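Note sheet for the following structure.
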Amino acid sequence: MSNPDKPTTDDRAASDGTPLDAVAFAHLIDGFAPFETAPVLAVAVSGGADSMALALLAHEWAQTRGGKIVAMTVDHGLRSDSAHEAKWVAQALRTHGIDHIVLPWFGDKPRGAVQERARIARYDLLDQACATHGILHLLVAHHLDDQVETIAMRVSHGTKPMGRAGMSSRRFLKSVRLLRPLLSVAKNDLIATLKARGQDWIEDPSNQNPKFERVRIRKDTRITVAADQENIPSDAVETRLALEETIANVLARSVMILPVGVAVVDTAGIYRSQDRDVRCYALGQVIRTIGGAAYMPSFDALANLLDAAYDDASHRSSLGGCVIHRKSDRIYIFREVGRMDKTPMVIDPDVLRSGGCVRWDNRFEWTALSPVLPPLAGIWIGPLVLCDVFHTKAFRAAFGEIVGFIADLPRAALASMPALYDKEGLRSVGGLEVSALSDVLSAAGCVTSQSRGGNAIDGRWRFAPHTPLWESGFKSLPKPVSLLA
C-alpha cells in the first residue's frame, strides 16, 4: 500500500495459507545453529507481510532464549511516502516491544538499474549497522515464492547448474551472517501468520510495477500462485554443492589476491580443469571480487574470454569493470581505470577527528588509526593514476625495485591502486606500508611527507571487496513439519 494508515486488503482477502507457530519457526531457524546463549538478531523489515511475519516470529524465538531482535528498516528515499512508512513500521513493532532502527540511504539516487543498486545499498547499510551494534546474524524474509521466481528468472537467462539451485539460505556479508529462514515457506503462510496475530502490513506498489523483471515473472502464468517445493529441481542443490567444492579447490590452487587489489591467476591451474563450467565460475568469481560488483559477468562472456586467453599468451581485454591481462604463465586481473569514478573522494573531517573508516570504489577501506590534527580540509582518496609523479619513469622504476611484488604488475594495474592525497600531494597508497612509499618517493627524487613536514596521517588500508573471492556452503532448508500436511 502507499498509505500505511489505510492498508489495502488485496492479499488479505486472498490468503488461505497455514500460520507458522513457534515450533515451526524454531524448526527452521535452528538449522542455522549455533547461536549465542542469549542471541541478538537483526531483522530487515520493510513493513511488508513477509518481513513483518519474520520479525514477530524471530522476536518470539529470541525472547524464549533470553535474547532479542533489532528490526532495521532501510529508507531508500525512492518514494515520497517511504519515510512515513518507516515510521509506521517503528510504531507497529513498538507495540510488540521490538527495537527499531531506520537506516536512510543518502546521496544521489540512480536513474537506471534502480532495484539492483538499491539492493546493493540496502545490504551495505544493513551490514554496517550490524557491525556498529555488534550483531552477528541478519535475518531477511525471502520466502518460497521469491525462490521460485528467482529460479524462473535465472532459467529465462540461460542459467547454468549453480543458478538452478536458487538462493542459498545462508551467505556471508562483510560483518554478519545473512540468514533466510523462510525460503521453504510460501507467502500465503506468512500472510496467514500475520492474520492469526491481528497484525497489519504494508503493500509496496513497486511489487506491482511491470517494468521490473521479477514482477513480470510473478505474473507469468507458468509460475504457480501457491509456490511449491517441487518447483525447485531435486538435484539442483546437490549439483551446486559438488561444483562449489571443485571451484573452491581451483581458486585455492590457482589464485592469489594481492593487498593492492590485484588478482594473480596461474594460467595452468585455471585451465587444468576439464569442466568448462568450473573454469567459467572460477574466473567469474575473481572478476566479481576485483571489480567490486554484486554479480559475475555473463557465462557466455566468461567462456569467450577463457577461449581467447587460452590461444593468446599476451591476451588483454576488459570485462566486468576489470582488465584481464595474460602474461605467459600468469593472468593479471585488476580494476579498469577507465571504468572508475576518478572524482576525488574528500574525507569528512569528522572521520579524521574520530579515527573513523571510509570506503572507496566499493573495494577498499581506509581507517584513521589516530585522530588527525587540523587542518583537516583537502584530504581525499582517488586512484594512483591521478598522482603526477606516477607518470614518471623514475617513480615506477623505484616502485618495482623497492616493493618486490609490484615489479611484474602491468602499469595499468598500478594506476588503479587507491591513494590518499592532501594539498601537498601523495600521502599513502593502498596495500603499501607508509615507509615503503617514502622510500619509493625518495628514490625517485620526490619530496616526501617527512621532508616537507606537516601533520602525520596515520591510517590503514584494507582490501575489502563487496563480495569475497568465494562463498561456499550453499544451504537449503526443509519445509517446516507443521506445513507438510
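The backbone N, Cα and C atoms fix where each Cβ goes, glycine too.
Per TrEMBL, the features are as follows:
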type    : residues                     : note
DOMAIN  : 42-219                       : domain 'tRNA(Ile)-lysidine/2-thiocytidine synthase N-terminal'
BINDING : S46, G47, G48, A49, D50, S51 : ATP binding site
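Where TrEMBL records a feature, it is marked here on the structure.
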residue	record	Cβ contacts under 8 Å, 6 or more apart
S46	ATP binding site	T73, V74, V89, I202, D204
D50	ATP binding site	A141, H142, H143, L182, K187, L190
S51	ATP binding site	V43, A44, V45, V140, A141
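Most other Cβ atoms within 10 A: among the binding-site residues G47, G48, that distinction falls to G47.
Within the model, the domain 'tRNA(Ile)-lysidine/2-thiocytidine synthase N-terminal' (42-219) shows a mean pLDDT value of 88, rounded to a whole number. Same-chain neighbours of the ATP site beyond S46, G47, G48, A49, D50, S51, judged by a C-beta within 8 angstroms of the site's C-beta center, are, in sequence order, V45, M52, A53, A141, W201, I202, D204. Under the three-state DSSP scheme, A49 (ATP binding site) falls in the helix class.
Counting every protein chain shown, the number of other Cβ atoms lying within 10 Å of the Cβ of A49 (ATP binding site) is 26.
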